[in-house]
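Enquirer: Okay, these came from Swiss-Prot:
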- H116, C224, C227, H228: heme c 3 binding site (BINDING)
- C144, C147, K148: heme binding site (BINDING)
- C182, C185, H186, H315: heme c 2 binding site (BINDING)
- E230, Y231, K276, Q278: Ca(2+) binding site (BINDING)
- Y231, H279: substrate binding site (BINDING)
- H290, C328, C331, H332: heme c 5 binding site (BINDING)
- C297, C300, H301, H407: heme c 4 binding site (BINDING)
- 1-25: signal peptide (SIGNAL)
Amino acid sequence: MEKKLKSWQGWLLSGGSMVVVFVLGLCVSALMERRAEVASIFNNRKTVIKGIEARNELFKDDFPREYQTWTETAKTDFESEFNGNVAVDALEKRPEMVILWAGYAFSKDYSTPRGHMHAIEDITASLRTGSPAGPHDGPQPSTCWTCKSPDVPRMMEALGVDSFYNNKWAAFGDEIVNPIGCSDCHDPETMNLHISRPALIEAFQRQGKDITKATPQEMRSLVCAQCHVEYYFKGDGKYLTFPWDKGFTVEDMEAYYDEAGFYDYIHKLSRTPILKAQHPDYEIAQMGIHGQRGVSCADCHMPYKSEGGVKFSDHHIQSPLAMIDRTCQTCHRESEETLRNNVYERQRKANEIRNRLEQELAKAHIEAKFAWDKGATEDQMKDVLALIRQAQWRWDFGVASHGGSFHAPQEIQRILSHGLDRAMQARLAVSKVLAKHGYTEDVPMPDISTKAKAQEYIGLDMDAERAAKEKFLKTTVPAWLEKAKANGRLAQK
């Protein structure tokens, strides 16, 4: 016997069905409107761009949301327990680094990084780039510009890649004037993600890989891997090269450099041929759980936002800790405080090893100098220098990566621990050399408790360095900008 619905039940079911259909209709309508708006943006662009366009302001009218959030990379209002977007003098906090970089420009100046909009400003103001008096003067090659501006691909196209690299940094001061922006990651005509720097493409080719076959999700990391990687300047032409031929690990790259007989500088105290790590962010991220699970850089550093019915990537690229509700909590259900402390716990533990390693390594350099002064021979010091080189490479590789102790905490702790082991082995080896020369006491240690004291110990004249840079910023840089404006390299305000 069939059970008939009561009248009110029928009306309720009918009304409920209508509500469901209405809500679904609204969802479909909203989706269609959103797609239509996105399509409208591309089909009715106010500014038609052909070829390479370095002036970020020209994308503002067609992509106002992305442009506005990109300008927020100029902010200096966030500090976590470790880094943020505020420039902090790292040498003042950890003066042992002055000793580790003795004989290299980083011993003069090293601060925590700021946002992309400060890229040109910060490299120009850094003591590391010196105070060149003319286009053929100065300590750095033009290769140093490579990751600082969308003007770089324009200059590479105009001059050729080899010719661009094989110049002085000051040669292009009036050409490279727009900070990291739109065309670095996007094809200016289609706005698709693209690779604008040749070094990444070349690294893939040497590994037998075709970067054009990367998936859209992979591209959300690969555009970052154009710059946030380990690299070196190869040969007299200072050709930017990624040492990935043997693999991504610290040992793989060390083997690559050793085989090539490469070093960045000879240490002023210990005479060690030192490898200076850059910032192997992409490589280390691939070794952590997020990278292994396919999470991209943009997923956490450029989370999606919705505004006016349009979903877009937040171009305020910054630490995910500044927006945990839109980054970590997209996948993890824990509270902001818990998630923040999860990150800090990993960083603190890695930094315990880092701090000890910096202390031991600084002593190893000083003790090696003492051994040379006592008459040690090159043959006697061979093993000492090899151990110092290995220890410092592991230290620098582990600390130069921004966020590495979160991206791959186990790998970073492994690397730093191996570095500490080699630093202590180096000190033991030095003591044996000294014993052969009749010295068995502790090596006297200088006072390097502050940046200023450490810089004085290694012979830097910081007053002269700062005075020269101040003059350079007041005279040369304004002239660069005036010429850039006259040549149309900067957008008119």
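Heads up, the Cβ atoms here are built off N, Cα and C, so glycines get one too.
Describe the structural context of these features.
Expert: In the three-state DSSP scheme, C227 (heme c 3 binding site) is classed as coil.
Close to C144 (heme binding site) in the fold, though at least 6 residues off in sequence, lie I123, T129, W169, each with a CB less than 8 Å from its CB.
A simple way to gauge crowding: the CB of C182 (heme c 2 binding site) has 25 other CB atoms within 10 angstroms, across all the protein chains here.
Taking the Cβ of E230 (Ca(2+) binding site) as reference, residues of its chain lying under 8 Å away and at least six apart in sequence are, in sequence order, F242, P243, M253, A277, Q278, H279, P280, E283, F397.
Long-range Cβ neighbours of Y231 (Ca(2+) binding site) (same chain, at least 6 residues apart, Cβ-Cβ under 8 Å): A199, L240, T241, F242, P243, Q278.
Neighbours of C331 (heme c 5 binding site), defined as other CB atoms within 10 A of its CB across all chains, total 11.
The Cβ of C300 (heme c 4 binding site) has 22 other Cβ atoms within 10 Å, all protein chains considered. According to its DSSP assignment, C300 (heme c 4 binding site) is helical.
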Enquirer: On a C-alpha basis, identify the one among H116, K148, C182, C224, K276 that is nearest to C300 (heme c 4 binding site); the candidates are the binding-site residues.
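Expert: So, of the listed binding-site residues, the one sitting closest to C300 (heme c 4 binding site) is C224.
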Enquirer: Return only the integer: C-alpha distance in Å from K276 (Ca(2+) binding site) to H407 (heme c 4 binding site).
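Expert: Between the Cα atoms of K276 (Ca(2+) binding site) and H407 (heme c 4 binding site), the distance comes to 21 Å.
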Enquirer: How many Å separate the two farthest-apart Cα atoms among the heme c 5-binding residues H290, C328, C331, H332?
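Expert: The span, Cα to Cα at its widest, is 12 Å.
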Enquirer: Filter the binding-site residues C147, K148, H290, C297, H301, H407 down to the ones within 10 angstroms of C185 (heme c 2 binding site), Cα to Cα, kept in sequence order.
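Expert: Passing the 10 Å Cα cut: none.
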Enquirer: At its widest, how many Å does the recorded heme c 3 site span between Cα atoms of H116, C224, C227, H228?
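Expert: The span, Cα to Cα at its widest, is 12 Å.
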Enquirer: Measuring Cα to Cα, how many angstrom lie between C297 (heme c 4 binding site) and H116 (heme c 3 binding site)?
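Expert: That separation, Cα to Cα, works out to 15 Å.
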Enquirer: How far is it from C227 (heme c 3 binding site) to C331 (heme c 5 binding site), counting Cα to Cα, in Å?
Expert: 27
Enquirer: How many whole Å apart are the CA atoms of C328 (heme c 5 binding site) and H116 (heme c 3 binding site)?
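Expert: Approximately 22 Å lies between the Cα of C328 (heme c 5 binding site) and that of H116 (heme c 3 binding site).
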